[in-house]
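S.K.: OK, TrEMBL features for this one:
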- C:14-88: domain 'Glycine transporter' (DOMAIN)
- C:103-176: domain 'Glycine transporter' (DOMAIN)
- C:39-59: transmembrane segment (TRANSMEM)
- C:71-88: transmembrane segment (TRANSMEM)
- C:100-120: transmembrane segment (TRANSMEM)
- C:126-147: transmembrane segment (TRANSMEM)
- C:159-177: transmembrane segment (TRANSMEM)
- C:183-202: transmembrane segment (TRANSMEM)
Amino acid sequence: MISFSNWGEWMRHALELSATIAFTLSGVMTAARSRLDAVGVYAVAFLTALGGGTLRDILLDLRPFFWVRHVEYLWGVLALSTVAMMFMRRRHFEPTEKAIQLPDALGLGLFAAVGVDLASAHGMPALVAVLMGVVTPVFGGVLRDIVCNQIPAAFSDHRPYALCAFLGGWVYLGLQALQTPDWLALSATVFFTAGLRMLALWRDWQLPIWRVDH
Amino acid sequence: MISFSNWGEWMRHALELSATIAFTLSGVMTAARSRLDAVGVYAVAFLTALGGGTLRDILLDLRPFFWVRHVEYLWGVLALSTVAMMFMRRRHFEPTEKAIQLPDALGLGLFAAVGVDLASAHGMPALVAVLMGVVTPVFGGVLRDIVCNQIPAAFSDHRPYALCAFLGGWVYLGLQALQTPDWLALSATVFFTAGLRMLALWRDWQLPIWRVDH
Amino acid sequence: MISFSNWGEWMRHALELSATIAFTLSGVMTAARSRLDAVGVYAVAFLTALGGGTLRDILLDLRPFFWVRHVEYLWGVLALSTVAMMFMRRRHFEPTEKAIQLPDALGLGLFAAVGVDLASAHGMPALVAVLMGVVTPVFGGVLRDIVCNQIPAAFSDHRPYALCAFLGGWVYLGLQALQTPDWLALSATVFFTAGLRMLALWRDWQLPIWRVDH
């Protein structure tokens, strides 16, 4: 299990907080685009922010869920969604999406590392652990899109996202096998995953296209 | 845990039965509108009637599920769906939807109270318990709409539904904190939630509209 | 629990393998038709091949999942999807769909029997056990279609599929009650279910049509 000096703890909480804010806002905006009502906005915000970690905990049979041990996450998502509904306008969407790219990428790396770490601490084989590291950050957005009746963006926008978490998961496992200290393995995974994601966005990398037509 | 005099037990079973019938019929009608085949009608009827309570039990890690302890629910949904397929015509849909509004609203209140009660008996914090009280009656309909490839009505029709269960959940927790006898807390919650829902339908209340466009 | 002579074990593994290949390919082809990217193809292949058994294990509260005990399933799905993306073209889809009908039908029977057997070994009532036998082979395809934003084919194509598993489940329970040896009960169920499914496809049987319109 990840254990930290105070400084590591502090960094981890800061990353977790900023990623949860990014995930919540992405849920709120997708719900708004799909013309959901206020109840739908809250529901999709919850699913986006907490869905991936919850599925991971169900698959690993861990209880209580992280949002039961830390109810402040639920209150936070509730509060942030309310504020967003009060003040957010359509012209804010594009700048917000730009602004959450970095915290979202950092969250991708953090939740990948946390998912891999939890799964391997519970005795999962390497590939299963890495896939749990993919599920944790990615599945919330998948649920968000399913509820909004769209094909999940993570599966169809040809941008590397889950792939960065997949590669980051192997980096984390590799560092763990080399007995790297926890804080260093975590930092390196977050840095690697988020860096890869930002690079992919910046250089407009596309997943290899599968041409089935000829 | 809710415990009752015989009379309370009897009332609760009657409410549960009528609500399950209402949920099953709503599943059957949505499936028919989406042109599912007979297998699809059964599947959607099961999901609508039992999906919310099942998700609650998975989240609280409770086994066996209520429909394992009481298999008669499964047989009931199977039988009712069969009868509906034999005798129901499109011109029956609108009167049926009117007729199930009250049992559906009573079920909303009952399942909210039962969900909150179960969750707080298992040591969940207040907000988590209330959200379990929302999931129990609402999630079945959400699954129904997802399978029928629609945006869930509970998240997009601007009618207060989940909101009534949310408020009803707090009423139940408040009464419990005041050490109100179980049968009274339950009756008051059902009455409050169902009353609010029927009032909202009657007065055509809309959830506050979120204008993102200006 | 099913226990076998070496020969029964061997047959079961061969069936399981061919069914998993059939399910994976059906996931890959549906994902391609919905224009998912490479990550989406992998995700849908995993969901189709492993989703039904995973839901069964969650409902029965069994851990570790079969794909944790046998990680080779995950590697196999990963490898097969990669090969399919490299070599499969649109003109291969129709012949592939023909070719996987038989292994798919055999898998339908096998997974139905395994699901019923697991559930009744864990003390589930007969109807619950049979429904677990339906969920195991059918739910993967349901998830596949939901992610691809379609109404599940199993619920809307009017072809008997889940119904064959449902009937096969009762056959298995009946043979078990008659104390038929495991290998015989399993073989008979697979033969009955797959035979029914192939017959239904060959004779173009349709589920009874529910006419709601008059």
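Even glycines carry a Cβ here, placed using N, Cα and C.
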S.K.: Between the transmembrane segment (C:159-177) and the transmembrane segment (C:71-88), are there three or more C-beta pairs closer than 8 Å, counting only pairs 6 or more apart along the chain?
M.R.: no
S.K.: In the domain 'Glycine transporter' (C:103-176), how many residues does DSSP call helix, how many strand, and how many coil?
M.R.: 59 helix, 0 strand, 15 coil
S.K.: Could you give the residue numbers and ranges of same-chain residues that sit at least 6 residues beyond the transmembrane segment (C:126-147) on either side and whose C-beta is under 8 angstroms from one of its C-beta atoms?
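M.R.: Beyond its ends, the transmembrane segment (C:126-147) has Cβ neighbours at 19, 23, 26-27, 30-31, 40, 43-44, 47-53, 55-56, 59-60, 107-108, 110-116, 118-120, 153-155, 161-162, 165-166, 168-170, 172-173.
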S.K.: Could you tell me how many residues in the domain 'Glycine transporter' (C:14-88) are helical, how many are strand and how many are coil under DSSP?
M.R.: 62 helix, 0 strand, 13 coil
